[in-house]
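Sequence annotations record features per position, and here TrEMBL assigns NAD(+) binding site to ASP33, ARG38, THR88, THR128, GLU161. Look at TrEMBL and you will find PHE158, LEU159, ALA160, GLU161, LYS216 tagged as substrate binding site. The domain 'UDP-glucose/GDP-mannose dehydrogenase C-terminal' annotation in TrEMBL covers 226-332.
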Amino acid sequence: MVKICCIGAGYVGGPTMAVIALKCPDIEVVVVDISKPRIEAWNSDTLPIYEPGLDDVVKQCRGKNLFFSTDVEKHVAEADIIFVSVNTPTKTRGLGAGKAADLTYWESAARMIADVSKSDKIVVEKSTVPVKTAEAIEKILTHNSKGINYQILSNPEFLAEGTAIEDLFKPDRVLIGGRETPEGRKAVQALKDVYAHWVPEDRILTTNLWSAELSKLAANAFLAQRISSVNAISALCEATGANVSEVTEDQIQRDLAMNKFDWDHPMHLQPTSPTAVKQVSCVWDAYEATKGAHGLCILTEWDEFKTLDYQKIFDNMQKPAFVFDGRNIIDPEKLREIGFIVYSIGKPLDAWLKDMPAVA
C-alpha cells in the first residue's frame, strides 16, 4: 500500500487529503500536525474548518485509510509521498518584511524530513511559495540525505473557499511540476497516478518545477488584480451615482460602434455610431436575449451557457433557428435533434448548411 503523509492539518491539507483518501481506498493517508487541539478536532464530530461536503468525506474515510495524528516524525518516516502544506505567512521583520513569504515553517519541515527519513521520498510542495523554493528545499534535503534520494514536486492548490470539496472532486486542472530528469519524471508519474483515480488525464498538467510554482503565483496575482479592479470600479460608481451593472453595457456599445483602429484612441476621441447603438441591446438573461432571434452566437465559454435549456430557447426563437458555437462548448448533435441548424468551429457542417450556395 502506498503511504501518503501530509504535514499541516489546515485549510488546504485537511480537505485535500480527505478527498484523496476517499478516491483512493488503496492508499493510506495520514495528516499530521504539531497542534494537538487541531488534530483532536479532526478526530471529533466538529471539524476545525467548515466546507460544504467535507464532513461527509471525512466520516466515510476516517479510521479506514484516513488518519489524523500528532506523531509527525513516525508518519513522515513511514510515508512514500510527503505533502508539505504548512503556513507561509508574509514576513513581519527582516529583509522583505511586509512583502516576502516567511518560509520558516517550510524549512523546519524540510529539516525534520531529512532527520527522520530512512527510505527514498517524494516531497510535494502544496503551500504557496516563491519561485525557486523547491531548489532551496532540495538543497536542505540533499545536504542531510544520508544516502536517501529525494524528489521535489510542486503541486499548487487552486481551491476557492466555500467550494473546496467540489473543486477537489472536479478540478479544472491539476498541476504537477518536477525535475526534467528520469527520476523527476518517475516522481511526477507517481503523483499523477494518485490523481488519475478520479481526475481525467487531460486535466492533469505536468511542467517543470519553476513553471508550477510560478503558475500559482500568477493565478493569485490575476485574482488580486480582478478583485482590486472591481473594488475600484464599485467605489467610482458609488461616488458618481453610477450603477456597476450598467457600466460591463456602455463599453459594449462603444466597442461595437468603433472601427478596428479606433480602440487605441483616448476616450473623448472615440467615435460613436447612433445607428450601431440602436441595433444592439444588452440584457442580463440568456433566455431574454434569444427571444424572437433568428440566430444564437456563443462566443464565451462560461459554464452558464453549457447548461442552458436549449429546448426552451428553440421554442422562443424564429425558425429556422441557427446556432453558431465559437467555443465548442455544446453538443451539436443534441441541438440538431431539438431542431437547431448548428455551426461549430472545426466540426462537420450541418447538412442544411452544405446545401446552401457558396457566397463570394
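Including glycine, each Cβ sits where the backbone N, Cα and C put it.
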THR88 (NAD(+) binding site), number of other Cβ atoms within 10 Å: 20
Which of ASP33, GLU161, the listed binding-site residues, has fewest other Cβ atoms within 10 Å: GLU161
Cβ-Cβ neighbours of ARG38 (NAD(+) binding site) (radius 10 Å): 19
The domain 'UDP-glucose/GDP-mannose dehydrogenase C-terminal' (226-332) [mean pLDDT, rounded to integer]: 74
Neighbour-count leader, CB within 10 A, binding-site residues: LEU159, ALA160: LEU159
